[in-house]
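Trainee: Could you have a look at this structure, given as structure tokens, before my questions?
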């Protein structure tokens, strides 16, 4: 708070406004967005675990994000976004599949979702 007060006190209004906007923008990029992306990744992880505990095919989560990537009109720069890219999401989910299948085995009567839920890319 003290640097902001000093900024507004010492600089002319137009420069203070521009400086304040610039520092807020940089702060968002460096501190807020990465935290938000990590929360989204955590939500994807917990969601995949819930899907496996409910005895649904966890592979479909990855399929969903692959489809979202194909349907996306334009790709955003990930480090300027509040969410991970679709590619990052499905790669993360693919890496979590062994854990999801161990949960599926523990909570469900079958470890393989079977032919009724094929993986489609």
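The backbone N, Cα and C atoms fix where each Cβ goes, glycine too.
Where the annotation comes from TrEMBL, it is an automatic prediction and has not been curated.
The annotation domain 'Peptidase M48' is assigned in TrEMBL to 17-95. The signal peptide feature in TrEMBL is assigned to 1-16.
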Trainee: For the domain 'Peptidase M48' (17-95), what are the DSSP-based totals of helix, strand and coil residues?
Mentor: 63 helix, 0 strand, 16 coil
Trainee: What average pLDDT does the predicted model assign to the domain 'Peptidase M48' (17-95)?
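Mentor: Averaged over the domain 'Peptidase M48' (17-95), per-residue pLDDT gives 86.
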